[in-house]
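As recorded in TrEMBL, the features of this protein are as follows:
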- 21-42: transmembrane segment (TRANSMEM)
- 48-68: transmembrane segment (TRANSMEM)
- 75-92: transmembrane segment (TRANSMEM)
- 118-308: domain 'Inositolphosphotransferase Aur1/Ipt1' (DOMAIN)
- 141-158: transmembrane segment (TRANSMEM)
- 164-185: transmembrane segment (TRANSMEM)
- 269-290: transmembrane segment (TRANSMEM)
- 296-314: transmembrane segment (TRANSMEM)
Amino acid sequence: MPIIESFKIPMTSLSQPKALPIEWVTLAYTLFTSLIIVLLWSHMDNPFRLLEGRAMVLTAMGLIYLIYRARPNRYTLFLRYLFPLTLLGYWYPDTYEFCQCFPNLDHWFAKADLFLFGCQPSIAFQAWLPEKLWSELFHMGYFAYYPIIALTVLSPLFTDRKLFQPTAFIVLTAFFLYYTIYLFLPVAGPQYYFHAVGFELIQSGHFPEIGDYFRYHTELAPSPGPGGFFHDLVETTQKSGERPTAAFPSSHVGMSTVLMFLLYRNRRYLALLVFPFYFFLCCATVYIQAHYLIDVFGGLVTAVVFYYVCNWVWERWSRGEGEEDKAPAH
């Protein structure tokens, strides 16, 4: 059965279409970051381009909304949900344009890893398991991040349709919470910082401040480990879409944990099937040197907080809309 054929629309939505919660959240993040662009105008490389991008996002959302009003059916409604989620690939590298306005903080996180764990886990982990088998397993887990997102969002259409809307809302809102942190917390991760200052300096216990280095340099170290299908796939993906941003807390760990909560709520067997990929994904963030180990713990803690906050907001929002729909007309 096609995905869209599984999508049902309440008849009340056809006669009185409203902005969806997922659209309101996207609008809020778009306007919030537009305000930050104005405030940081003189520090940004190309603020006009960033505002143009946001204008295009709002225009596209408006057009899709008008199409739905003209032809309110399951296809146009599904498009209204799908479009904000597809923008996640746009918003992630966009955080770099903001955090590069502030002095880099990687040296503090590298020091924290050394202080807490007595080494640099992102270097020691790969040296401990250098074999190709481990490299492929960890890189496979890291790449599984994207299919897990799709599975989490789309699976309710085939299992429990009433969970689709809250799932889509929680996923998008949690992502925006992470992105909001990344706007103001300039931490690039070991694959950038170690490459910039030199691995020898890091292993000797020296962590120099590099200021605005990543404002002008975006080179990252090659993915560690022997070459292989998933190794090369991750490396290619990072070269095309990665930026020196978004290291702490790890959204790969945090969001995949949120996704596991949602999968478990939907169908427990889905969470069990995905768990091996989740495990290797979390390990891979350190193994491929995308994150400090402290980033992983930050991701786990924020995942729990963000999941419950987003779920609470959804429940309040949906309850308010339900009461509004039941209110007598005046």
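The chain as shown is numbered from 1 upward.
Any Cβ shown, glycine's included, is placed from N, Cα and C.
Only residues 6 or more beyond the boundaries of the transmembrane segment (164-185), in the same chain, are considered here, and those with a CB under 8 A from a CB of the stretch are 7, 20-22, 25-26, 29, 32-33, 36, 81, 84-85, 88, 91-92, 94-95, 98-99, 102, 105, 149, 152-153, 156-157, 245-246, 248-249, 251, 254-255, 258-259, 262, 266, 302-303, 306-307, 309-311, 313-314, 317-318. Highest Cβ contact count with the transmembrane segment (296-314) among the listed stretches 21-42, 48-68, 75-92, 269-290 falls to 269-290 (criterion: pairs under 8 Å). The list of residues near the transmembrane segment (48-68) in space but at least 6 beyond its ends in sequence, with Cβ under 8 angstroms from a Cβ of it, reads 17, 19, 23, 26-27, 30, 33-34, 37, 76-77, 79-80, 83-84, 87, 90, 94, 97. Along the domain 'Inositolphosphotransferase Aur1/Ipt1' (118-308), the predicted structure has mean pLDDT 96. Taking Cβ pairs closer than 8 Å, the transmembrane segment (141-158) reaches residues 1, 3, 6-7, 85, 164, 167-168, 171, 230, 233-234, 237, 252, 255-256, 259, 262-263, 266-267, 270, 274, 276-285, 288, 290 in its own chain, all 6 or more past its ends. Using a Cβ-Cβ cut-off under 8 Å and counting only residues 6 or more beyond its ends in the same chain, the transmembrane segment (21-42) has close neighbours at 50-51, 54, 57-58, 61, 65, 80-81, 84-85, 87, 91, 94, 98, 101, 165, 168-169, 172-173, 176, 179-180, 183, 314, 317-318.
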